[in-house]
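Accompanying notes for the structure given below.
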Amino acid sequence: LSAPGLLVLLLFPMGPTAQNSKACALRCPPNSSCVNGTACSCTPGFISVSGEIFTDPLESCYDINECGPPSPVYCGISADCQNLEGGYYCTCSPGYEPVSGATIFRNQSENTCRDVDECQHRPRVCKGRSVCINTEGNYTCQCPPGLEFTPEDQRHCTYVNECTSGRNPCHSSAHCLNSVGSFECCCHTGWKPIQWPKQHRLRQSLTPSFLSPDVDECSSRQHQCHNSTVCVNTVGSYRCHCRQGWEPKPGLWYKQMNTICKEISFPTWTAPSGIKSQALSHFLNRIQDLGRNFSSASVLNTVRDLVQEMGDLLETPGDLKTLPFSEQHFVVTNLLFGLENVLRGVSKALPKGSFTFSSSAGIELSLEVQAPSYRNITLIQKQTKMMLTWDTVHDSGDSGLAVVGLLSHPGIDKFLAEAPLVLDAEELTTLHETHRGLLQETSHILLSDVISAFITNKDTENLRSPVTFVFQHSVTPGPREKVHCVYWEHGQNGSGHWDTRGCWVTSTRDNSTTCQCSHLSIFAVLMAHYDCREEDPALTVITYVGLSLSLLCLLLAALTFLLCKAIQNTSTSLHLQLSLCLFLAHLLFLTAIDRTESKVLCAIIAGALHYLYLASFTWMLLVGLHLFLSARNLTVVNYSGINRFMKKAMFPVGYGVPAVIVAISAASRPHLYGTST
């Protein structure tokens, strides 16, 4: 605490507690009370950083979020906790109502929430012929057979013309007849059904004939599939599928009659340019050896060796640890995305099923290879769980099987030191609105393992539905620490940084955090520590009043040195330049120190302040030097020589030296001018 700030706090006490100095010798902040006349204690529902009782006059009492971590209030089943300033209350979740009639309650023992039967309370909630079906906490509307929802209203059912809706329910040898809620298939003239089900209505004028069954072109060898494919019969036709471990040649489509396949090849792994490391070179040489020996029959051994090689590199990084941080980030980007690309390619040769691979260094790979469906899938590892729906990966690419992979890198965090964190603009705005004081991120650490999530399809920028991740961690976030769900963005230069766009935190507890992301990439959970300080109004008043008085005095001094010709000499010229520099520096500080909306404008203001204050110090140096030389050389000859020297040198030195210093600083560290927020 600075001396002026403490003086103002002592001379101008604020608040009812501070005004009654006889009752309490200490000024207690809002939401607190005085204890024994010498200390303060936060009222129930609030807490301070120092503890229950504190004596620091600048301490503040913060609201306790009883509904959040580390010990959230449990309101019981089908109920939600709502935080208040200094308290909380419980309410029934949407779709539930209290039996007791009390809309709010305090704990689980008072919970009487039960499901609301919307179908009974609102009989007309489902329109038309739709049927209301009550569910736990909600309801659904269903259409009877032969009816479907209208596009304009998903609760209103209308009749469906099965014959004209594009579904083509009848065979090509029959024509369709629509009826209310159903349809009938009638054979064309000259045809008759093989069997006589109820839905087939024959006309008396049909000539005796029969409908030939489907011909199996695959069994009868009437197909034209290439020898690199397998024939699969369909109703009225056939398709040519690639064999396991094969993929269509470029330019050809999968499951067509003219499909020609080739064996899956090992993807190319390009080494990062400009990185000199024996450990990295040895690792990439081993990857190239695996690629030369790769075949679809040995895909399991290849995947196992890839995981082991990555684990060996992270366990014994060698000279990688001696690289600068920027080059380490470059190497990490290449390793993470390179391994993901190779695993995505070779996993197409895997058979259908679930696979798990691990290395001695703790790297763990989970793979799920299935035919496209619409069920949910969950991959579980020691510290991470991933949940997504198969419709997210329904585009199975060229292999015919959809592959989902989850790869954990528990030892790669050693290469991510000082990796920058870029917050999404919306999240940054929310963070500043929540903390209206001075907010600055001081540090961030990795809470979880770094994971890589991938699927067969490479286009995962905008998924149909978000993917859910559950990360386990041993560190519990504090009151000034914020948990972020982040992904690794490789950037244009390949160095990489942490980013939060497209990812958000859905819930966080003492030892786990749940995230959702609209894309797939390299993910982790970061904990950022923020220094949040409230602005002291007393110090602000002192700053503005003091600088305003200083501006007035400097202006009067400059006018005196400039207009009073009787006192003008070398000494007054030096003092005039000093007054002008200080006047401009103080004026710019008062009017533009808070202009942080534009980063470019903020950097220009910071550079101008740097130059003006450096110039002020330089002119102070010249004033002192002139005074020293004048006192040392009192003879007229020497004094005249000093005046001539000072007149020639004062302007180049007074304004040139600061300009050189600022130019060097701006050229070497331009990002240090301004503020990151």
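Counting begins at 1 with the first residue displayed.
Note: Cβ is positioned from N, Cα and C throughout, glycine not excepted.
According to TrEMBL, the protein carries these features:
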type	residues	note
SIGNAL	1-18	signal peptide
DOMAIN	63-102	domain 'EGF-like'
DOMAIN	115-158	domain 'EGF-like'
DOMAIN	214-252	domain 'EGF-like'
DOMAIN	355-533	domain 'GAIN-B'
DOMAIN	539-677	domain 'G-protein coupled receptors family 2 profile 2'
TRANSMEM	541-564	transmembrane segment
TRANSMEM	576-593	transmembrane segment
TRANSMEM	605-629	transmembrane segment
TRANSMEM	649-668	transmembrane segment
Within the domain 'EGF-like' (115-158), count helix residues (DSSP H, G, I), strand residues (E, B) and coil residues, in that order.
4 helix, 19 strand, 21 coil
With the greatest number of Cβ pairs under 8 Å to the domain 'EGF-like' (214-252), the stretch among 63-102, 115-158, 355-533 is 355-533
As a quick check of your reading of DSSP, tell me how many residues in the domain 'EGF-like' (63-102) are helical, how many are strand and how many are coil.
0 helix, 16 strand, 24 coil
If you average the pLDDT over the domain 'G-protein coupled receptors family 2 profile 2' (539-677), what number do you get?
84
Residues of the domain 'G-protein coupled receptors family 2 profile 2' (539-677) by DSSP state, where helix covers H, G and I:
121 helix, 0 strand, 18 coil
With the cut-off at Cβ under 8 Å and a gap of six or more residues from its ends, the chain residues touching the transmembrane segment (649-668) are 570, 573-574, 577, 607, 610-611, 614-615, 618-619, 622
